Structures are given as structure tokens and as C-alpha cells.
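Annotated features in Swiss-Prot:
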SITE      43  site 'Part of a proton relay during catalysis'
BINDING   44, 202  pyruvate binding site
SITE      106  site 'Part of a proton relay during catalysis'
ACT_SITE  132  active site, proton donor/acceptor
ACT_SITE  160  active site, schiff-base intermediate with substrate
């Protein structure tokens, strides 16, 4: 279930309000282009600037519009355990298939604090939980040992690994086995991540290149030479897009790309701002190189 290409959905805005029409359009664009899973209200969805009502609404819309065609992995993380429980409980009631829960940011818990945070959510909720380990944003790195302890709990099923450290894939596989789901949060390392035992990605690029990302993920997990060569070919096409998505703060570049494709406006909420003209040129060039524009 939790494998292949899963999109870290952007949240479209119009005049600083949620653009429901554009959001529904984005969801169906993903459904029709082979995306396995939809991930609303994550980092790329600008969750830090969504109100609680908006956070719940984007999850509700995602579940409703996907209508069982795609899995929904709802972003429900917070640096407040109480709030994370509340958001996860809502996602469960809404019908989400799983929750993506980021390691608590800013308050810098110990490894025991991380364990107790996820255990408390696990004990109060009944849907699968995917740990989101992103030390670059959370300023805390969950250790493999802590992850292994959490995997013993009933609802913890895997990790979105955004450490950028490919050795972690091997370490986590050795410690937890192949039943522990490993999804990369770094588009640029997806090929090697899967080669080492990962099973997919939660992708920024998939917002604008869903079919390419889906085809790449499928090819990368088929054990024959022809498929491996196809995965390498698709990865080479995707790499310029991956690079262009992170020249400036995510999700500003991907929102500009989505605007070029007519999917939604490029509006972001402060403190994020729209991309500069030099970045626009690079994003546009990357889309053209992949025949997306």
C-alpha cells in the first residue's frame, strides 16, 4: 500500500485563502497520472501557515475527491503532542489511510522524548503512522534505535526519510527488516534509495510531473535489466526538475512550475515569497527539458 510515487501536495491559495477549485483540480491531475498516494498538509502543503480549519479541510477534500482511487497519507504532525493527536484523530475520522507525522520541531526533544511523543499518538489513534524524519527542518534526528523501538508499537509502519543519508536505508532495513516501509523525502536520491531497499517516495516533483515520477518508481522496483535501465533513463530526465525545485524555499519553485502548467497560482503565504526571476528561468528550462512545457 505505502509504496511507489506519493505526492507531497501543494496547497493552492487565491487572495490568501484556500483555492478549493484549484486543489480539487490538482488532486484529479494526480489521480489521472498514476500517482499512488496523496499527502496533504505536509511541508510542501505549507502546513505551518494553515489554520486548524484549513488543515482539516484539505485532508477532508483529499479523502473525498480521491474516493478510494488513491491512498491518502495525511500530514498531522506538530511539535505539540496534544495537537498532533488531535490532527491525527481528525484524519482517521475523515477516512485517511495513514498519518505522516514529522518529528517535533523547535523544542528539540531527546530520543526518549521522541519515543514518548509517537507512543502517545499511537496509543490514541488507530491508523498507520509514518514517521517523518527531517533533521534539516526539525533540528532533531531520530536514531535508528528509537525508530526500532517505535516499530514495535501497533500503528508505526515506516518512515519518510529526509536525512539525505543513504546509509540510513541499509541501517533501518538491517534493524527493522523489510516490513518497515521506507520512503524517501529527497527526490534526487530516489534511485539509489530504492536500490538499497526503499519502496518509494513522498515527492515534491510529482506535483508537476506525476506520470514521470510514477513510471520511474515502478521501473526502479522491477528486477530486470530493461526496467533498471528505464529507471536510470527517467531519473536523468527528472534530475534537472528535482534540482530546480529547491533553488529557493520549497514550495515556492514547485508552485511556480504548477502555474506554468496551468494547475494553480504561484501564491504562497508569508513568510514564504514567490521565486525570483532567475529561478523562474531555471524552473522553466527544467520543465522544457522534460517535455512538460
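Each residue, glycine too, has its Cβ placed from N, Cα and C.
Features as recorded by Swiss-Prot, highlighted on the structure.
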{"residue": "43", "record": "site 'Part of a proton relay during catalysis'", "DSSP class": "coil"}
{"residue": "106", "record": "site 'Part of a proton relay during catalysis'", "DSSP class": "coil"}
{"residue": "132", "record": "active site, proton donor/acceptor", "DSSP class": "strand"}
{"residue": "160", "record": "active site, schiff-base intermediate with substrate", "DSSP class": "strand"}
{"residue": "202", "record": "pyruvate binding site", "DSSP class": "strand"}
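Annotation: 132 carries the greatest number of neighbouring Cβ atoms among the recorded positions 106, 132 [cut-off 10 Å, Cβ to Cβ]. For residue 44 (pyruvate binding site), applying a Cβ distance below 8 Å and a minimum sequence separation of six or more within one chain yields 8, 9, 10, 204, 207, 250, 251, 254. Rounded to a whole number, the distance between the Cα atoms of residue 106 (site 'Part of a proton relay during catalysis') and the residue listed as 'active site, proton donor/acceptor' is 15 Å.
Within 10 Å of the C-beta atom of residue 43 (site 'Part of a proton relay during catalysis') sit 23 other C-beta atoms, taking all shown protein chains into account. Restricting the recorded positions 43, 106, 202 to those with a CA within 10 Å of the CA of the residue listed as 'active site, schiff-base intermediate with substrate' leaves 202, listed by sequence position. A gap of 15 Å separates the Cα atoms of residue 43 (site 'Part of a proton relay during catalysis') and residue 106 (site 'Part of a proton relay during catalysis').
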